[in-house]
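Step one of this worksheet: look at the structure below.
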Amino acid sequence: MRVTVDVKGEDSRELELADVPTDAPEPTYADLLREVGLSPHEVSVLVDGRPVPEDQPVESERVTVLRLIKGG
Amino acid sequence: MDCTRCDEEAIMHAAYSGAHLCQHHFRESVEKRVRRRVRRDDLVPQDATPDDPLTWVIGLSGGKDSVVLTRILHDTFAEDPRIELVGLTIHEGIEGYRDESVEACVELTDELEMRHELVSYEEEFGIRMDDVVEDDPENMAACAYCGVFRRDLLSTYAEDLGADLLLTGHNLDDEAQTALMNFLEGDVAQIAKHFDASLGPLSERGEQSEFVPRAKPLRDVPEKEVALYAHVEDLPAHITECPHASEAYRGEIQQLLYDLEENHPGTRHSILSGYEELAGIVADDRAGDAEDDGGGPDLRECAECGSTTTREICRKCSLLESLA
């Protein structure tokens with residue numbers, strides 16, 4: 001499955017899920033983030049507008065990544 | 001994936017605790033941590049009464065952290081006659097960026113029917129950060145100027161508003177970074193100061209009668225969870241990075257903590273809790289030494305503005321002079 005990772009306000013990346021390295025039985029959202037150079041502690045992953053736990057296996061072809069904005 | 005506490009779908013995973021939480025239990029968990037921190041830091045003294053209520057000033061920038069803090073404190077204390085909340089917003093003179101976040105502050109405080117005060121560098125000091133970064137007479141990062149001016153206005157206005165406490169929205173990531181930076185810089189004096197100024201339980205802090213005490217009740221909540229709370233609660237938080245942001249060292253520490261947290265979940269929590277314990281010991285130790293020496297650091301009035309300082313002219317006034 002090809003997955004589109006859309007980092008809000010930045011680039012969108014397409015990844016082949018089978019090629020994403022993982023320690024879990026299947027690649028997780030955290031593994032996807034690692035592939036695009038982000039930490040799960042600096043972003044939230046949304047699927048269909050809803051936040052998902054990053055340790056879960058990727059089930060959607062399109063994910064949106066919300067970056068944390070520093071400071072106030 | 002179900003929520004650890006009910007049958008609803010989880011929206012987040014906290015690797016440091018192992019919990020998966022649905023929206024309801026996530027909200028509850030964030031609010032609980034803030035309230036527990038308010039209790040542990042002794043922020044509401046036993047003798048607070050409705051006849052003589054306390055004034056709590058919240059540093060409200062319009063970013064996610066201060067917006068979430070304001071909302072949770074409001075939900076907790078709006079009906080409590082012992083506490084009056086005031087939002088204090090500072091406009092640094094950063095075009096576009098701060099204009100939008102001021103709007104977020106106005107929207108939030110209107111909705112919560114909370115008192116809101118807005119002050120600006122321009123009216124108070126006759127400067128704007130957009131110009132300061134152009135001039136840059138001291139060859140420093142923008143945040144180095146801005147921090148001095150912001151701290152000055154926060155404490156001056158907290159005092160003018162009769163504040164008993166000044167609260168800011170520092171989250172777990174912010175405080176773990178600061179703790180690690182102070183430690184790596186070997187700055188033990190700063191660690192002791194950190195405890196007495198904002199970290200220690202109010203009842204255990206050293207004498208700092210010259211300053212309004214500060215508190216950071218959001219510091220048990222990781223930054224990501226603060227952002228997620230603002231998102232799921234649809235709070236009017238402003239989401240743009242400051243165009244002048246440039247804290248290079250902090251950024252390096254932040255990345256280090258992300259990497260550590262990835263392999264050793266709970267690292268930020270353990271850094272901060274160990275640091276707070278040590279900071280308390282160091283603060284005590286220094287207070288004892290100061291008594292032996294016949295008093296703490298020599299505090300005096302700034303010759304220019306009269307604010308409390310250890311120098312002849314305070315840092316803010318000397319920066320303003322070099323900008324003039």
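Every residue gets a Cβ built from N, Cα and C, even glycine.
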Same ATP site per TrEMBL - residue from B:I90, B:I94, B:I127 joining B:G59, B:L60, B:S61, B:D65, B:G169, B:D174: B:I90
For the binding-site residues B:D65, B:D174, the one whose C-beta sees the most other C-beta atoms within 10 angstroms: B:D65
Residues that sit under 8 angstroms from B:H25 (Zn(2+) 1 binding site) by C-beta distance, when 6+ apart in the chain: B:C3, B:T4, B:R5, B:C6, B:E8
Neighbourhood of B:I90 (ATP binding site) by C-beta distance under 8 A, where only residues 6 or more apart in the same chain count: B:G59, B:S61, B:L118, B:V119, B:S120, B:Y121, B:R150, B:L153, B:L154
B:C22 (Zn(2+) 1 binding site) versus B:D65 (ATP binding site) - Cα distance in angstrom: 21
Three-state composition of the domain '2-thiouridine synthetase TtuA-like N-terminal LIM' (B:3-27), taking helix and strand from DSSP: 5 helix, 7 strand, 13 coil
Cβ-Cβ distance under 8 Å to B:C22 (Zn(2+) 1 binding site), same chain, at least six residues away: B:D2, B:C3, B:R5, B:C6, B:E8, B:E9, B:A10, B:I11
Taken over the domain '2-thiouridine synthetase TtuA-like N-terminal LIM' (B:3-27), the model's mean pLDDT: 97
